[in-house]
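Annotated in TrEMBL:
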type: DOMAIN; residues: 164-408; note: domain 'RCC1-like'
type: REPEAT; residues: 20-79; note: repeat 'RCC1'
type: REPEAT; residues: 80-131; note: repeat 'RCC1'
type: REPEAT; residues: 184-244; note: repeat 'RCC1'
type: REPEAT; residues: 245-299; note: repeat 'RCC1'
type: REPEAT; residues: 300-361; note: repeat 'RCC1'
type: REPEAT; residues: 362-412; note: repeat 'RCC1'
Amino acid sequence: MDINGIIGETKRSVNLPTKSAIYVWGYNQSGQTGRKGKEGQLRIPKQLPPELFGCPAGANARWLDISCGREHTAAVASDGSLFTWGANEFGQLGDGTEEGRKHPEKVKQLETEFVKSVSCGAHCTAAIAEPRENDGTILSRLWVWGQNQGSNYPRLFWGAFSPNTIICQVSCGAVHVVALSVDGLLQAWGYNEYGQLGRGFTCEGLQGARVINAYAKFLDEAPELVKITLVSCGEYHTAAISEKGEVYTWGLGNMGQLGHTSLQSGDKELLPRRVVALDGIFIKDVACGGAHTCAATQKGALYAWGGGQAGQLGLGPQTGSFSFIPCESESFLRNIPALVVPTDVQHVACGHSHTLVSMRDGRIHGWGYNSYGQAANEKSTYAWYPSPVDWCVGEVRKLAAGGGHSAVLTDACSLKELCEFRLAENVTLSNASEIEDVASRSGADALARLCGRLREHLLCGDLDYEDAINRKEEINN
């Protein structure tokens, strides 16, 4: 390996990592992991090679964002290009067709736009972008496509916002979408049979966009409009964080996913309601799954609530460096937020029935429904305990979880991390032990874990020789 070549490639813009990697794994019936062939699942996270995205072999690809839908995936490159792959029966890939695709392709309708972020719903996709040819007067705008979005091609969407509104975030649920403006206002559209649009009532049929108002009220004081800083859509519920770090939830709450001791409209909340159990705790991130919700604090504590039948809450006996609150309910439901991880959580993502977190030490852990390996390395249908995902190298920038698959975006920002990337790409059966030894002694912990996990699987017969060779060839393509 040419170490001088590696060093020579490290000079890059300070705003971009030297190299990025996307790892995707789990359910693959529709090709959402980007894996070649006809495998129905990929239990080991696989780095997608640059060639899949039209880059030269060995190119230092860099990425900005990634998102997982029910059976499709989308990724944003550092040049503002958007790539999609997987299921497409509702036009969620944005190519104007309804034909699925097992390999990434650029969304051509957005080539004149610089895409900043993307969100995948069950069968739709939304992206925030601004024109490449821009005099500075046009800022972040919203594009939508797929199920219930009026087009199989990306279309510009204003909804209830004025054309000059700057959109800073969008989140897609099963059949509803919520967008957030820089002014802290929310607008929602889609279906509202469970109150997930936050309008104070339920209704049937597709609903147009309206602004959602969240209010804080203390004792007999007049209600005060809340400024929202982050939003997340679950399957049929929604959660948002205010600028004061408070969590508001609304929509379907039959599994406890709203975090309230009781609900005001049967099994639903029709308006945004503050999760009082988290009062006094500043929440920085929230993620909604199919019927569960997770929230992370500034100090890295993780709280979870909702349905836990598949282990997606991570509530179990004390194990390792994680401290858990035992769940006494035989129904596996928890309607009050419970402390799952006491500290050091950096990122959290919720799939339909599984959860992923990344820690400050760089490790990734997953738990929940694991029939396709989407939550953990172990071969079990349910991962009741957090299990490390040791196949990813680099600093975790983004986690994503879908219906049955998961994705991680990692960066190499230093020479050490870049060397880890390059060595990981060249791990073979014959050199795994040697690379693991060198990595352990040099503090390259992620690389050492990858080598150890590979040897462990081989020794246990979880991977045969042909699979290992194919894995090496795929990475080195």
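We count from 1, first residue shown onward.
Cβ from N, Cα, C; glycine included.
Annotations in TrEMBL come from automatic prediction, not curation.
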Of 184-244, 245-299, 362-412, whichever stretch has the most CB pairs under 8 A to the repeat 'RCC1' (20-79): 362-412
Within the repeat 'RCC1' (362-412), residues counted as helix, strand or coil by DSSP: 0 helix, 29 strand, 22 coil
Secondary structure composition of the repeat 'RCC1' (80-131) [DSSP: H/G/I, E/B, coil]: 3 helix, 27 strand, 22 coil
